[in-house]
Structure formats: C-alpha cells, structure tokens
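Enquirer: From TrEMBL, for reference:
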- A:4-116: domain 'Beta-hexosaminidase bacterial type N-terminal' (DOMAIN)
- A:119-287: domain 'Glycoside hydrolase family 20 catalytic' (DOMAIN)
- A:Glu284: active site, proton donor (ACT_SITE)
- A:294-436: domain 'Glycoside hydrolase family 20 catalytic' (DOMAIN)
2 protein chains.
Amino acid sequence: MTCLVPAPVHVRPSPDDSFLITAETRVRVSQDASRIGDYLAETLQLATAADGEISLSLHGADPLVGDEGYQLSVTRTGIALKANTETGLFNGVQTLRQLLPVDGPRVVDGGEVLDHPRFAHRGAMLDVARHFFTVDDVRRFIDQIAQYKINVLHLHLTDDQGWRLEITGWPRLTEVGGATQVGGGPGGFYTQREFRDLVAYAASRHITLIPEIDLPGHSNAALTSYPELTCDGVAPPPFTSIGTATGFSSLCTDQESTYRFTEDVLGELAALTPGRHLHIGTDETHATPEEGYVKFVRRTLDIVRQHGKQAIGWHEILRAGPPEGTVPQFWSKTDDDPRVAEAAARGHRILLSPANKVYLDMKYTPDSPIGFKWAGYLDVRDVYDWDPGSYLDGVPEHAVLGVEAPLWSEHLEHRSHIDHMAFPRLPAIAELGWSPGQTHGWDDFRRRLATHAPRWTAQGIEFHPSTQIPWAI
Amino acid sequence: MTCLVPAPVHVRPSPDDSFLITAETRVRVSQDASRIGDYLAETLQLATAADGEISLSLHGADPLVGDEGYQLSVTRTGIALKANTETGLFNGVQTLRQLLPVDGPRVVDGGEVLDHPRFAHRGAMLDVARHFFTVDDVRRFIDQIAQYKINVLHLHLTDDQGWRLEITGWPRLTEVGGATQVGGGPGGFYTQREFRDLVAYAASRHITLIPEIDLPGHSNAALTSYPELTCDGVAPPPFTSIGTATGFSSLCTDQESTYRFTEDVLGELAALTPGRHLHIGTDETHATPEEGYVKFVRRTLDIVRQHGKQAIGWHEILRAGPPEGTVPQFWSKTDDDPRVAEAAARGHRILLSPANKVYLDMKYTPDSPIGFKWAGYLDVRDVYDWDPGSYLDGVPEHAVLGVEAPLWSEHLEHRSHIDHMAFPRLPAIAELGWSPGQTHGWDDFRRRLATHAPRWTAQGIEFHPSTQIPWAI
C-alpha cells in the first residue's frame with residue numbers, strides 16, 4: 001500500500017492482513033455495480049458470482065469520498081470496495097490493480113484506503129494534428145492514463161499541419177487537410193464513427209474526451225482545403241514542417257463564410273461530444289488583427305453556447321473577455337499575463353498547463369533523443385515538484401479547475417515516442433492533480449514511482465528510465 | 001541460479017545455501033587475481049581484504065573451464081570463484097552480478113556453476129560511420145555487452161557517409177570525411193588517443209576491439225577527402241543519405257596512390273590495435289571491376305599480414321581466394337554462396353552474422369519505430385531460435401569461429417536507439433555464442449530473459465518490451 005501513484009488521501013497499511021487471490025476467488029457484485037464488477041473480474045481474470053471474496057458496492061461509502069473517490073479494505077478474508085458512483089469504483093479498481101504484484105502469487109497488500117481527488121480536471125492532451133495517431137494508438141494511450149486516475153483526454157484535432165476529424169458538410173477538410181503531417185507523411189483522420197468509438201472507449205475508462213478545433217489561428221490545414229476561409233480567396237500550400245514562427249495562419253475574421261464554417265464545424269462537434277466542453281484553441285493568433293480576434297472569439301463563444309456546451313480556450317482567450325464558465329487554459333512558461341489572475345477574481349476556473357512544468361514535448365535532458373527545449377529541460381522532478389494550488393499569483397487553489405499535461409507531436413513519429421515522453425512524467429503530473437498537498441514529497445514519490453517500472457514493461461510501455469528515479473536501490 | 005543469460009554449461013541450484021552480502025562482507029583476492037578482485041569489489045561496493053567471504057582465485061579451477069570459463073560456488077558462508085585466467089574470473093563476475101537481486105537485500109542464489117563458452121568469438125558490431133557515436137556512447141555499449149559475456153566489439157569505422165578514425169598521414173579523411181553523417185549532421189571522429197582509450201576500456205571489460213576500414217567499396221567519405229583515390233581524379237560530393245543502391249563507391253584499384261593510402265591507413269591501424277584482427281570490409285563492391293577487386297584484396301591482405309595481423313572480411317572476400325587464417329564473416333540472408341562451405345572445407349573458420357537472424361538494424365515488427373526490413377522482421381524468437389553449429393550447409397560447428405550481431409546505424413540517431421535495437425535481442429544472440437546447444441530452449445530462455453528487464457531499467461537501458469517475452473506472468 002506504500003507504492004501507490006497517485007498517493008491516496010489516507011492509507012493504513014496492514015501487512016499482516018494481505019489477501020491471496022487464487023483461481024477460485026470470485027468477484028461479488030451488487031446489481032447496480034455490475035459494470036465495474038465485470039471490468040474488475042476481466043482485469044483480474046476472475047469469475048463473478050452472487051457471493052465472493054472481492055465485493056464492490058455503491059452503498060455505504062463514506063460521504064467524504066464524493067463523486068470520484070472510494071474506500072478500499074483488504075483483509076485476509078477478502079477485499080471490499082465502496083464508492084458513491086461508478087467512477088469512484090473505477091478509481092478504486094485502479095488502486096487495487098496497483099496493490100497486486102506485477103508477477104508471482106497474487107498477494108494483495110493488506111490495509112485500508114480512503115481516497116478522493118484534489119482537482120476535478122486531471123488531464124492529458126495528445127496532439128494528433130502534427131503527427132496523426134490511429135484509433136488504436138489513442139485507445140492504448142487511454143488505457144495507460146486511466147491507471148493514474150486521469151479523467152480527461154484533450155485531443156488537439158487540428159493545426160497548421162493537419163485536420164483530423166471528418167466534418168460532413170466540409171469534406172475537403174479531411175480529404176485535403178487530413179492528408180498531410182509534419183515531415184510530409186500521409187497524415188490521416190478519424191471518421192465521425194471512429195471518433196464516436198473513441199469517445200465511448202474513453203467513457204468506458206471514465207475519461208471525458210475534450211476535442212479541440214484550434215481557431216482562428218493554427219488553421220493552415222483548413223485554409224488549404226477551403227480558400228473561402230482566407231481573406232484573399234487564395235488557398236495557401238500545405239504546411240508540413242515544424243514552424244519556427246508559429247501563428248502564421250488565420251481564418252479571415254471579416255467574412256461570413258468563416259462564421260458559416262465555424263457554425264458547421266462546432267455544430268457537428270457538439271453533436272459528437274457528450275462532454276460539456278469544447279476546446280476552441282484561440283492561441284498564438286499573430287496573423288489575426290486584434291479587433292478581428294476579439295470579434296471572432298466572441299461570435300465563436302456564442303456558437304458554442306448555442307450548442308449547449310462550454311468553451312475552453314488557451315489563456316489568450318481572455319483577451320476577448322469571455323463569459324463566466326469559459327475555462328482559460330494557462331500554458332505560458334512565465335507568469336506574465338495579469339488577465340489570468342483577473343479572470344480568477346471574476347470567478348473563472350483556471351486549467352493549469354504551464355509549459356515549463358508540464359509540457360511533455362520538452363526534452364528530459366540535453367541528451368534526450370527527441371523533443372523541444374524552449375520551455376526548458378523537464379526531468380521528472382521538474383514536472384513533479386510544484387504546487388498547482390499556489391503556482392500562479394492571484395490564482396488560489398479554489399480557482400484551479402485542474403492540471404493538464406499537453407503532449408504536442410511535432411517530434412512524435414511513432415507511438416513509442418508517446419511512451420517515451422509520457423512515462424514516467426505523466427504519472428508524476430497525475431499525482432499533482434489527484435493527491436492532496438500533504439502527501440507531496442519528492443523522496444517518497446520517486447521511491448513509489450520506481451516500483452511501477454515493471455508494470456510499464458509488462459504493458460509494453462517504452463518508458464524513459466530517468467536517472468532521477470531509484471529504479472533499483 | 002535459474003535466471004542466468006547466457007545459460008551456463010552446468011548449474012546446480014541450492015536455494016537453501018544462499019549467501020547474504022552485507023556492508024561488512026569482504027572480497028578476498030589472491031595477489032595474481034587482484035585486478036578482477038578490485039573490479040568485483042567496486043562493482044559490489046565492498047572492501048577488499050586479505051581474508052573475506054568472497055574469494056577469487058586463479059588456482060584450482062577444473063581444467064575443463066579452459067581460458068574463458070570459471071567455477072562458481074555460493075554457500076551460506078561465502079562465495080568462491082575460480083578460473084584459469086583473468087578473463088575466466090571476469091566472466092564469473094558477470095554471472096555473480098546476475099545472481100544478485102536487482103533490489104533489496106543482497107541475497108546471492110546458492111549453488112554451483114561450471115561454465116565455459118561454446119564459441120571463441122562472441123561479437124557485437126557497432127556502425128559509427130552512418131551516424132557517429134561518441135566515446136562515451138561506445139563505452140556505455142561496452143559495459144552493456146560485457147554483462148552478456150560478449151568478448152568482441154567490432155567497430156565499423158568508415159563508410160560512404162563518414163570516416164571516423166584519425167589517420168595522421170591523411171588528415172583530410174577526418175577533416176572532410178569525418179564531418180558528415182546520414183541526415184547531414186556534423187558527424188565526428190575519434191582521435192588516435194581517443195581510439196587507444198576505447199581499446200583500453202574494452203580490454204578492461206575483457207573485450208577485444210576489432211576495427212573495420214571498409215575497402216575498396218563503401219568508401220565515398222575517403223574519395224570525397226582525397227580525389228587521388230578516384231580513377232578520374234575528381235572528388236565526389238559528400239553522401240549523407242541512406243543508399244537505395246549500396247556499393248556505388250570504390251577506390252581506384254589501378255593506381256599506386258590507392259595502395260599508398262591502404263598501406264598508410266592499415267599501418268597506423270595495426271599500430272593502434274593490440275588484437276590480432278583487422279577488418280577490411282570487402283563487401284558490396286558493385287562499382288569495382290572484378291579483376292581490380294581481386295587484385296586489390298590480395299594486395300591488401302598482404303599489407304595486413306606484413307603488419308602482423310590477420311584479416312577479417314565480409315564473406316565476399318572469398319572471391320579473392322584469401323590465404324589460410326583469413327576470416328570470412330557471413331552476412332547474407334540466404335545461404336547462396338558455395339564459396340563459404342568450400343572455405344570451411346579448406347580450413348577457414350567462419351564468423352556467422354546472417355542478416356535474417358542477427359542484423360540488429362532490422363525492425364522487430366511492422367510497428368517498430370526505426371529500422372530496416374529487407375532481411376525480415378526480427379523479433380526476439382527470430383534471433384534466438386537457430387543453431388550456429390548447423391546453420392550453413394557444409395559449415396559444421398568446428399568450422400564456426402563464432403556469432404556476431406551487427407548494428408548498422410543508418411537509422412540510429414541517438415544512443416537510446418542503440419538500446420532499443422540491441423535490447424533484448426543482443427542478450428539472446430550472446431547466448432547462442434556462449435551456451436552449449438543442450439541448454440537451448442525458447443520457453444526457458446524467454447522466462448530467464450524476462451527477469452533481466454529491471455536490471456536494464458536500473459542501468460538506464462531503453463529496451464524494447466517485445467510482446468514475445470513474459471515480462472510479468
């Protein structure tokens with residue numbers, strides 16, 4: 001019970017009370033918890049039964065654990081998991097999985113856990129625009145992050161180098177804009193059916209998918225597909241390199257054709273997305289006149305609202321004075337935008353993705369094989385050792401919606417590159433989002449994290465064996 | 001004692017006789033074994049003493065273990081390692097290291113081992129020409145391979161894309177030819193001093209370094225540096241891509257300037273190399289007229305002999321009818337050259353590097369992020385499950401000098417790519433070179449290999465977690 005990541009709120013280890021799972025062990029499920037019971041039984045390769053040593057229940061959990069927490073008890077005679085919601089049970093199952101040894105007899109550490117998250121939003125972002133990743137790649141990533149109680153997958157679906165989601169009213173977006181990526185490869189895109197399947201797969205792992213259409217900048221793939229989105233009516237050539245000057249492209253904010261496009265795209269996106277949030281980008285719009293930017297963002301926010309959704313935007317969105325409920329995602333490597341604290345004071349919840357702390361596309365060290373370094377080298381301690389609750393002046397803990405780790409894909413040509421950049425850093429960031437501040441401590445964390453390496457190997461994750469972690473003592 | 005790679009000749013595990021190493025444990029060394037004793041003490045972070053529980057001795061080993069083998073005995077009261085040579089002791093230390101748990105109390109598995117190698121030459125080849133690797137990278141690779149009782153490091157020092165060794169009489173080889181590599185990067189080279197240091201470092205790990213100057217083909221970097229090596233006197237441009245047509249370059253075999261070059265280069269190389277072998281390439285000479293090829297190779301073999309060395313060449317060298325003692329290195333993916341069996345019948349020892357079995361630059365699977373596939377996908381079982389002693393018709397076990405795994409570097413941009421391609425395949429090939437045929441068995445091997453993953457992680461090796469290996473059961 002002393003190797004869990006993220007660290008639970010309360011743990012009382014009781015080594016003498018370990019429980020041995022055998023082939024005869026049964027998972028007992030009450031009717032309302034049968035879905036998670038089946039999932040647990042499948043995960044542990046056990047049968048379910050009307051009675052059994054491992055029980056799951058949606059009754060009797062301490063109210064303190066809330067909507068996402070759980071209580072877990074392991075004794076010599078059995079395992080009892082209680083929560084108020086299916087999501088709580090699912091999170092408890094992730095804890096239980098970590099209590100099993102990776103190999104050998106299945107002895108589950110004895111003791112008690114009471115647990116619930118610090119922040120509502122514990123996210124990972126995957127950029128499928130710069131390099132395309134297949135449905136299988138994304139499902140694999142979902143399975144990886146679910147283990148660490150991450151509950152949001154933000155998919156960056158469009159950028160200068162590619163458009164990755166079928167929009168039925170605008171077919172050239174994927175026919176043309178989806179056929180490119182960094183380096184000149186063939187790119188790719190998700191059909192609406194594939195996208196719905198991804199949403200459902202994420203939901204089966206209690207993860208909400210937040211799709212991003214980056215507007216009005218980072219839009220070269222759209223402009224290449226439809227010249228009527230440009231001010232001069234001329235489609236620019238495809239862009240397949242890594243920009244030294246980001247923010248060179250913009251939808252034309254002075255034309256109604258742009259707003260028909262935005263309405264159609266976000267309308268279809270809203271219909272595909274059961275979650276409450278749509279991400280509309282709004283970052284690095286150096287090619288958009290300020291007046292046009294403000295007008296565009298306000299109209300786009302209206303469109304999002306009319307489709308029953310709330311908007312998230314990168315923190316530049318605050319320049320447009322967005323309405324209450326809009327979430328600014330802070331990504332700067334310096335705390336230099338006073339609008340963020342002002343927004344927090346007005347009641348906005350801030351999503352924290354400071355580039356110098358959680359950008360997973362940064363190199364670990366100068367010796368890393370891939371990655372950027374503009375926000376610094378980020379080894380495990382760099383991403384772990386900061387406090388989201390007090391990071392930005394004027395943004396106290398209650399104003400923080402959560403923590404999200406973006407993985408931009410300019411340099412990621414293969415899913416093993418996702419593994420390399422995300423592990424072991426993403427579990428560290430997941431702990432910042434879930435665990436209470438009082439459990440924070442580098443020395444204990446690195447010891448716990450070290451024990452996860454054999455789990456990653458068993459799952460085929462090609463993690464980076466950072467020299468900061470005592471993999472063997 | 002049941003997790004060793006390579007598998008020893010004889011093992012008698014005795015689990016009740018395990019020995020616990022504590023901070024007070026001492027390494028006792030007889031005077032003639034003090035070097036390996038110091039190495040062992042340093043490895044285990046123990047002190048040496050005139051008396052101690054861990055003893056090393058060059059007396060009393062079973063003669064059966066020969067020049068490279070050892071006997072190891074672990075009881076409750078101590079550990080005794082005996083061999084006839086320092087190399088034997090060194091190999092025993094590698095076994096002992098694997099008997100220690102990677103983590104926790106240092107309990108050494110009890111029992112007896114008697115061990116010696118099947119083949120004399122157990123090699124790994126690293127191509128530092130297509131992409132340059134630094135002295136530190138090569139030292140790291142040496143430490144990795146020594147653990148698996150590999151005793152030869154073949155460095156492929158020159159090719160079309162780069163020349164990596166300082167030759168004092170021909171400075172433009174490194175000034176010009178050393179300044180390029182695949183992809184257009186800055187390349188690099190070893191000074192003679194750095195090269196001597198590498199030779200000495202390898203020797204400290206009981207590894208012989210065999211340098212290769214690839215002649216007369218694969219020589220564009222030399223031709224770019226010195227136009228007098230070409231027949232038309234015109235230096236070709238640097239070549240920094242991956243050839244679709246290999247073998248496009250050739251030294252001019254009809255000019256004396258070529259032979260002055262070969263004499264100078266091989267003369268300096270012989271002076272830098274304490275080992276008995278120089279590797280002279282001789283492969284893929286599609287741009288060399290056959291008559292010129294035979295003449296060139298024969299004169300070059302004379303030069304090697306005059307400097308007191310024996311030559312190794314890729315198996316095409318047999319076209320020149322080389323003298324006894326010359327080693328042909330078989331690399332084809334098909335057994336289609338009758339000269340190899342003929343050479344074995346005449347008494348040549350054959351070095352086996354069949355591309356479809358041991359080329360570490362091949363992808364594991366279609367999903368591998370880097371690598372070629374022209375010789376097939378090579379997952380762990382493909383490189384492991386063949387018998388060097390009966391692989392080539394007409395080349396019986398006694399005619400096999402050994403097994404060598406080449407790692408060509410067209411796609412290796414970073415040392416982590418070496419890790420990815422070499423682990424876990426290189427330990428598998430090392431076992432083919434060391435272990436007797438009767439220990440061979442896939443199911444037992446994959447079980448043993450799985451236990452090595454935490455050792456690799458602890459060493460920072462970014463291995464590929466092949467799905468063929470039961471990392472966790």
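Note: Cβ is positioned from N, Cα and C throughout, glycine not excepted.
Could you tell me the structural context for the features on the list?
Expert: For the domain 'Glycoside hydrolase family 20 catalytic' (A:119-287), the model's pLDDT averages out at 97.
Within 10 Å of the C-beta of A:Glu284 (active site, proton donor) we count 19 further C-beta atoms, all protein chains included.
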Enquirer: Using DSSP reduced to three states, classify A:Glu284 (active site, proton donor) as helix, strand or coil.
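Expert: Reduced to three states, the DSSP call for A:Glu284 (active site, proton donor) is coil.
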Enquirer: Tally the residues of the domain 'Glycoside hydrolase family 20 catalytic' (A:294-436) by DSSP class, grouping H, G and I as helix, E and B as strand, and everything else as coil.
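Expert: Counts, helix then strand then coil: 60 helix, 22 strand, 61 coil.
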Enquirer: Over the span of the domain 'Beta-hexosaminidase bacterial type N-terminal' (A:4-116), count residues by DSSP class, listing helix, strand and coil in order.
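Expert: Grouping H, G, I as helix and E, B as strand yields 34 helix, 37 strand, 42 coil.
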